[in-house]
Structure formats: C-alpha cells, structure tokens
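Single-structure report; data block below.
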Amino acid sequence: ITFVGGFGRFQWIHVTLISLPGLLMASQNLLNNFTAGIPAHHCRILVNSTHYNLSNYEVPACLSVSLSVFFIPLDASGTKLDRCRRYVQPQWQLLANGSANVSDAQTESCVDGWTYERTEFLSTIVSEWDLVCNLRPLKQMSQTVYMGGVLAGAIIYGGLSDRFGRRSVLIWSYFQVACLGSCSALSPSYSAYCIFRFLTGMAVSGVILNGVSLKVEWIPTKTRTLVGTLTSFFFTFGQLVLAGLAYWLRDWRKLQVVVCAPHFLCFAYSWWYSESARWLVLKQRSGEALKSLHRVARINGKPEMTEKITLEVLQSHMNKEIESSRSSYTAYDLLRTGGMRRISVCLLAVWFSTSFAYYGLAMDLQKFGVSIYLMQVIFGAVDIPAKFFALGMLTYFGRRVSQATCLLLSALIIFANIFVPSDMQTLRTTLACLGKACTSASFTTVYLYTGELYPTVIRQTGMGFASTMARIGSMAAPAVLILDEVFPALPSIVYGGAAVVAGGFACFLPETLNVPLPDTIEDVEDRCILKTENQKDDLLLTLINPN
C-alpha cells in the first residue's frame, strides 16, 4: 500500500464511500425502537354496540370525552386506564358517586380490539397487528428474528467473502438490504414482516463485515487506528439520523422504506470499489491484483509506480503468503492451532459481552419515561465523546488495554446503577448513558482489533465467527430483562458480570498497535511464539537481576 501512495486520494474516496452506509446501519439495528413502539392504548369501546344495551341509559354530552372510565377499569397504579381489560357492563353508578367501589365488577379481555393514541406514533407494527397484552412478546420477537438474520449473515457471508471476494459480497449485500428491506414495508402480515426482517438482517451483516475488511486491507498500518475510529462516527451520526427520521415520519411503513431504499444508491456506486489486492494475490489472481494496484497508484498521483510494481515484484513480496494460500481454510482453522485458538476464544467472549450490554441498554428506550425520540438523540450523542475516548486509548495505550478498560468501565457503571434509588430517574438515566458510551467504545475497539488479529487468508471467516457471538448477545439481551420479575437488580448483575468476564479475556489478546497485518496463520503463530519467548526472557532477567 505504501508503494502506491499510502493513504492517498483513493483511500479517502474508498473509505468514505464504504462508510456512508453506516449512517443507515444504525437505523437497521435500532429500528425496532420506533417501528415496534408501543403507543398508549386501551380496549376499544363500541358506543353503539347492543352489547352494552346503551338504550337504557341517557349519557350527558359533557361526559362523552371521559366516557372510557365507565367502560374500562383503572390499572394497578390507579391513575391510568387498564390496557388489557374492560367492564362487561358499563359502570354508570360512577355518575352519581365517583368513588363507588367497582373492584368487584366483572371484566373481560378486549374482544373488540384496542384503541391507540396517535400522539407519539401514527402507526407501528404493534398498532397494525395488535401486538399488545397476550401478544406483547411478539413485539420483541421481531427484533430477535432480525438479530437472528444478522447472526446467519455473519456465518454465511463471512465464509462467502473469503471464497468469492469482499467486493462481490458487499455489492450483493447492498442490493439485498435495499430490496428486501423496502419489501418489509409492504408486509401484509406479521409473519411476512419477520421473514423480510430476517433476510435484511443477513444482508446487514454482509455490509458491515465486508465493509470493515475492505477498508482495513486498503489502508496503511499507521492510519488504521485513526480511520477505524473516525469511520465509526458514521454509525454514531446514524443514530441521530434515525431519531430525526422517526420523529418526522412516525409511520413504520414510511420509516422502513426511507432507511432501506438509499442502499440502491450504495449499490450503484459500489461498482467503483477495488477488490482487496491482498485477497486477490492469495487466491492466485496476481494479475488482477496488479491491475488494482496500478489503478490505485494512478488515482493517488503516483503513475510512475505502475512501471516499478510488476508481477515479479508483487509475487516476491508475498511469496510466503502465496505458498500458504494454496491450502484451503475453514472455520476449524480458527481453533486448530494454539495462537489462533486463544485469539478466537477471547474474541468470542469480548464480542458477546459488548453486544449483550449494548443492546440491553439501547433497545428499551420507552422505560426512561421521557420522549423516545429525545432518548434516541441522547443515546446517540453520548457515542461522540465515547469515540474520541476510544481513539485516544487506542493510539496511546494500544488495543488490548483499550478493550479491557472499556469493558470493565461499563461493568462498573452498570453495577453502580443498581444502588441508585428508582425515584432518582435523572441519575439512573445518566449512568445508563455512560454505560452505553463505554459499550460503544468497546464496539469501536473490537471491530478494529478483530480485523488486525486474524490473518488475511481467513480474516472474513474469523470476523464472521467472532461477530456471531455478538449476534447471540444481541438476541439474548432483551430476554434477560424478564429476570427483573425475579429480582429487580438481576438484569444489571448479569450484564455487568458478563462485561467483567470479557474484560478478563481481553487481557490475554496479543497487542496489534503499529503491527503489520498478518497474512497467514503461520504469521499469527510466529508472533505468539515470539511473545512467549520474550516473556520468558524478561522473567529470567528478573530472577537473575531482581534489582
């Protein structure tokens, strides 16, 4: 990369174009907060229905606006209408005595459906298909199904890109998100919606994983930290974009189209991308790699390098990697050798806990008691200082310390929130925002770290393998919230405990700050052996000369 201009004009354009879809990736992952938002609701009252035999009663016109209290009981708090029950017969005695005892009045479920308020949301899948009361678990199920698709995509598209190339799979993923995501808005039923969301989730994995690898493999070693952190801001600003779009549209079908259709534009310009020269060489396609390098050199204003970089020069520089690439690799190779096994096991723990805590905090914005749109803006805004914090840590302290610190800090904040009284809602919300900021910084670090730890010959398979645990974490996070019925602090204990364990695992990962990308599994093993020998030498020197 240095021979063709380092981080030049091509890299600026390339990185920017690949990062732009990140503005909409946040919309995909957090979309359920708005498309599946739960509006205030109560049983539908059919005033003209013979079920209530209203002809026997004369209802004053001045009471028509508050008619609901005669048909619907109050909930346990005594201040709001019950969402899932109604009186079998209207309680007109409340007209004469507003404090009359109606606790023994017979009630029934909402057999005629529900009435929804349209102030916060005009339409959601909850109001569309009545996913309330007994069907309320289906609201969260749609998010679980989507994350299941992201999990499947991490497994499938990770392997496919190592076989067919990063560029090809990325282009297809753009098209799949645009088509199937937009089709979700046309879903005639909840089942169809879930199917489209699952397939969209698969494509989202393809966009994220292949975008990261294609960026990393075209930029110089020294700029990886800065580029990786700055491009993650696209995801951060995407959260703010989502809040604005959701507030403007307030209709789940329109919102679904608006966040998916722009990927047609990404599909159109993605044909400009250059396939990874590293991957092409390792797939015995050195001629295509040479053409890509010459193209990059010309764009970077280094046309003279096209004569200096020949097929012989390219093959001599990557002779060892070419020989290694003659073997085929599978996911088993991620665990076959000692160094790769240690990296994979540690990354599994880090990815799971980061995603587990992140989505545990970010996917239930309605619980904070303030506008869901404002909460989305706040949760998105806290990522900005978090990214700068991650950038400073990554640059000066390295990847390993940064990863462990972010996880342990998030655990500390989550544990601290357990001891804050429930009536101190502002402090609880502030701590939740800080915890979300730490998990966001952990995400920024682990995406960069994983791409640097795995060798080129199996990097995408490794990215897919590791991020699989992140998808499992995102699927498990909402389910843990059910534990608050057993003990209110239990979900926080589980989230924080997972982060502590992962922080410990992160300490066993090798450092990659200013280290060239490994191309083969042998490169990874050699570095692990060298590190072990250096540690033994340091220990021996300490024993010989303790002073």
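Including glycine, each Cβ sits where the backbone N, Cα and C put it.
Caution: TrEMBL annotation is automatic and unverified by curators.
Per TrEMBL, signal peptide is recorded for 1-26.
The domain 'Major facilitator superfamily (MFS) profile' annotation in TrEMBL covers 61-514.
Per TrEMBL, the feature transmembrane segment maps to 143-160 (among others).
Annotation source TrEMBL lists transmembrane segment at 169-189 (among others). Sequence-remote contacts of a segment are chain residues at least 6 beyond its ends whose Cβ falls under 8 Å from one of its Cβ atoms, and for the transmembrane segment (169-189) they are 18, 21, 28, 129, 153, 157, 160-161, 196-197, 199-200, 202-207, 210-211, 214, 252-254, 256-257, 259-264, 266-267, 270-271, 273.
If you look up TrEMBL, you'll see 195-214 (among others) marked as transmembrane segment.
The transmembrane segment feature in TrEMBL is assigned to 226-249 (among others).
Sequence-remote contacts of a segment are chain residues at least 6 beyond its ends whose Cβ falls under 8 Å from one of its Cβ atoms, and for the transmembrane segment (255-273) they are 14, 17-18, 20-21, 24, 27-28, 31, 34-35, 167, 170-171, 174-175, 177-178, 181-182, 184-185, 200, 214, 242, 245-246, 249. Taken from TrEMBL, the feature transmembrane segment covers 255-273 (among others).
Away from its own ends, the transmembrane segment (343-361) comes close to residues 334-335, 379, 403, 407, 410-411, 414, 432, 435-436, 439-440, 442-443, 446, 449-450, 453-454, 462, 465-474, 476-478, 480-481, 491, 495-496, 498-499, 501-502, 505-506, 508-510, 524 of its chain (Cβ-Cβ under 8 Å, at least six residues beyond either end). If you look up TrEMBL, you'll see 343-361 (among others) marked as transmembrane segment.
Here TrEMBL flags 373-397 (among others) as transmembrane segment.
According to TrEMBL, the transmembrane segment annotation covers 404-420 (among others). Using a Cβ-Cβ cut-off under 8 Å and counting only residues 6 or more beyond its ends in the same chain, the transmembrane segment (404-420) has close neighbours at 350, 353-354, 357, 390, 393, 397, 427-428, 431-432, 434-435, 438-439, 441-442, 445, 489, 492-493, 495-497, 499-500, 502-504, 506-507.
The transmembrane segment annotation in TrEMBL covers 489-509 (among others).
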Stretch in 143-160, 195-214, 373-397, 489-509 most in contact with the transmembrane segment (226-249), if contact is a CB pair under 8 A: 373-397
For the transmembrane segment (143-160), sequence-distant contacts whose Cβ falls under 8 Å of one of its Cβ atoms, 6 or more beyond its ends: 28-29, 32, 36, 169, 173, 194, 197-206, 209-210, 331, 363, 460-465, 467-468, 470-472, 474-475, 478-479
